[in-house]
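Let me begin by presenting the structure, written as structure tokens, before commenting on it.
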């Protein structure tokens, strides 16, 4: 739906160029249902991850700090999801006021940037820990990790400011309903292009290239170590995991990014056909479901590969309190890529297998 704005009242009155685009009865049922499932699984899962990492693992590793913040970022988004489920179920009628319109929209944007930035930092941390285990010890400290997370939250907040400023409620005259959307001046294309392309570039393309490069270099390093030892009985799970992480990230986010770019073209009136607009508006909520279902699974995807996490997760389920005496043993095996190869395998850098630990 492409809005045209007509007055300067408290609640702006708009005219939608393609009023029926994206408005299908099955969307009003399917999307809220999926949102509800994501909300339940995400709140439950990410809350458990936060409790296990903070209370049982005690933030003893750099990776644990990134994973904790990743779970917190997802929780920030998830608490706004019931609003979007209700909004869709009510056929895009927004009854929650202008303030919640801004905050809920900012929550989506904030989670996008915070999660992607944290995943990028986690991939860089894995690269440093595995490829440069000795040189990176000085840089990979708990203090640096905490400062990095603070910077990421600030950057995500700054990136979300345009959403807070320009997202408002409007009354769509030809739809006879109040909607939550962006207001674009007809002659100002900078904001339209900027918001869309920043999501494409900063929220996907650049982080993905960094993640892909990091895990590719990790894969080459581990492969070289195996080739030197000629160990035919090696375990290739680490290679499969690296490939899975990259492809899972890419294929979960690429649909939403493509349709975001098409939406920019619609806002710029490069695409004016209402049939194409209907396709974009119809597909957009489903691409959001795919993207954020991936985000909610990220903590599980990374953490459940850690041996210690499974133990503490079971303790939490059985209401067994954390054992303080076990804390010193938690400095390793935190993240999904903290990998310890067989003892007879050494990296070409002449470091022992212990250099694969997460510290």
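Each residue, glycine too, has its Cβ placed from N, Cα and C.
Among the features that Swiss-Prot reports, angiotensin II binding site is placed at 17, 167, 182, 184, 199. If you take the C-beta of residue 182 (angiotensin II binding site) and look for same-chain residues 6 or more apart in sequence within under 8 angstroms, you find 166, 167, 168, 191, 195.
Taken from Swiss-Prot, the feature disulfide bond applies to 18-274 (among others). Taking the Cβ of residue 274 (disulfide bond) as centre and 10 Å as the limit, one finds 17 other Cβ atoms among all the protein chains shown. Reduced to three states, the DSSP call for residue 274 (disulfide bond) is helix.
Sequence annotations record features per position, and here Swiss-Prot assigns disulfide bond to 101-180 (among others). With a cut-off of 8 Å between CB atoms and residues at least 6 apart in sequence, the same chain places 94, 167, 168, 169, 180 near residue 101 (disulfide bond), listed in sequence order.
The N-linked glycosylation site annotation in Swiss-Prot covers 4 (among others), and the record cites sequence analysis as its basis.
Per Swiss-Prot, N-linked glycosylation site is recorded for 176 (among others), and the stated evidence type is sequence analysis. In sequence order, no residues are near residue 176 (N-linked glycosylation site), counting only same-chain partners six or more apart with C-beta under 8 A. For the recorded site, residue 176 (N-linked glycosylation site), the DSSP three-state label reads coil.
Swiss-Prot lists 187 (among others) with the feature N-linked glycosylation site.
Look at Swiss-Prot and you will find 188 (among others) tagged as N-linked glycosylation site.
What Swiss-Prot records for 1-25 (among others) is topological domain 'Extracellular'.
Per Swiss-Prot, the feature topological domain 'Cytoplasmic' maps to 56-61 (among others).
Per Swiss-Prot, the feature topological domain 'Extracellular' maps to 90-98 (among others). The topological domain 'Extracellular' (90-98): residue composition by secondary structure is 2 helix, 0 strand, 7 coil, according to DSSP.
Swiss-Prot lists 126-141 (among others) with the feature topological domain 'Cytoplasmic', giving similarity to another entry as the kind of evidence. Residues of the topological domain 'Cytoplasmic' (126-141) grouped by DSSP class, helix first, strand second and coil last, total 9 helix, 0 strand, 7 coil.
Annotated topological domain 'Extracellular' per Swiss-Prot: 166-190 (among others), in sequence order, evidence recorded as similarity to another entry.
What Swiss-Prot lists as topological domain 'Cytoplasmic' is 217-239 (among others), and the listing cites similarity to another entry.
Look at Swiss-Prot and you will find 269-278 (among others) tagged as topological domain 'Extracellular'.
Look at Swiss-Prot and you will find 305-359 (among others) tagged as topological domain 'Cytoplasmic', backed by similarity to another entry.
Residues 64, 67-68, 71-72, 74-75, 78-79, 81-82, 84-86, 88-91, 282, 285-286, 289, 292-293, 296-297, 299-300, 303, 309, 312-313, 316, 322 of the same chain sit 6 or more residues outside the transmembrane segment (26-55) yet have a Cβ under 8 Å from a Cβ within it. Residues or ranges marked as transmembrane segment by Swiss-Prot: 26-55 (among others).
Here the topological domain 'Extracellular' (90-98) has long-range neighbours at 11, 23, 28, 83, 104, 168-169, 177-180, meaning same-chain residues at least 6 beyond its ends whose C-beta is under 8 angstroms from one of its own. Proximity of the transmembrane segment (62-89) to the transmembrane segment (191-216) is not established, fewer than 3 Cβ-Cβ distances being under 8 Å for residue pairs spaced 6 or more apart. Reported as a whole number, the C-alpha separation between residue 199 (angiotensin II binding site) and residue 274 (disulfide bond) equals 24 Å. Residues 109, 112-113, 116-117, 119-120, 123-124, 126-127, 159, 162-163, 166, 182, 184-185, 242, 245-246, 249-250, 253-254, 257, 260-261, 263-264, 267-268 of the same chain sit 6 or more residues outside the transmembrane segment (191-216) yet have a Cβ under 8 Å from a Cβ within it. Remote same-chain residues near the transmembrane segment (142-165) are listed as 59, 62, 65-66, 69, 73, 102-103, 105-106, 108-111, 113-114, 117-118, 121, 125, 191, 194-195, 198, 202-203 (criterion: CB distance under 8 Å, separation of at least six residues from the stretch ends). Counting residue by residue with DSSP, the topological domain 'Cytoplasmic' (56-61) contains 1 helix, 0 strand, 5 coil.
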